């Protein structure tokens, strides 16, 4: 155990991640599954980015945001999956104090960026369906860049709140983290110092991110639904629903797992359940997003077919 002697206490400077399971057979199975998921995640999201950048038909704000969403998915998965894979191979996978903070900060940063991108994409659909004549004005290049800047600044603020809160915690006892990555809650449980104030700051910033982005998504889709129901053309309604279905699926998956992890009372579920849900939003959902947008979006399918025909 890495530690420093500080007065009457031994200050922990490293942690041991316990991972998902201690069963050696299950470790082998999970290693193969997570490795395949990670490879599909990286290749699928990278393919999405390349397809959007190379297809002139996809040079629209919606797909610019989608390319940034794919980048965030790769980053979220990469911040967690390689360390998880190592944990399956190494008994008691160690991670330094600063490495732990970096991993937590990366997950918080890109997770926040993903929340804002999903909200921005909902607003983009609202403008496209409810105000199609003003779309080119309301969603011009300058506005899109401003939205992206806000998303990344929000990610930095939220990540900073998590990192600074961990640095205010003092660890002097056990250093075995009951998780597969350095999540905030299991670190707070190991703290020897008063964690009431440090725990409030990230809870406030994370809660604010979820509430603000969810409100934008709900309001946007309320207006979208009203507009669709007013359409006289059946084909128009079907087209409007099809453009929103992939985004709604991604939103439901991502916010469903986030709500379970960070909003529901901790007493309502076990640590093991929390770890399983965390696997979904850090590893599984980043793999599903490119599949959802490729299979349920006609523009993406059309662009992919044109690329495949050229090869």
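Just so it is clear, glycine is given a Cβ too, placed from its N, Cα and C backbone atoms.
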Per TrEMBL, the range holding transmembrane segment, considering 176-195, 276-295: 276-295
Top partner of the transmembrane segment (208-229) among 63-84, 104-123, 144-170, 276-295 - counted as Cβ pairs under 8 Å: 104-123
Spatial neighbours of the transmembrane segment (144-170) far in sequence, C-beta under 8 Å, 6+ residues away: 9, 11, 61, 64-65, 68, 100-101, 104-106, 108-113, 116-117, 120, 184, 187-188, 191-193, 195, 197-199, 201-202, 204-206, 209
Beyond the flanks of the transmembrane segment (63-84) by at least 6 residues, Cβ under 8 Å: 17, 19-20, 34, 37-38, 41-42, 45-46, 48-49, 52-53, 93, 95, 103, 106-107, 110-111, 113-114, 117-118, 120-121, 124, 144, 147-148, 151, 180-181, 282-283, 285-287, 289-290, 293, 299-300
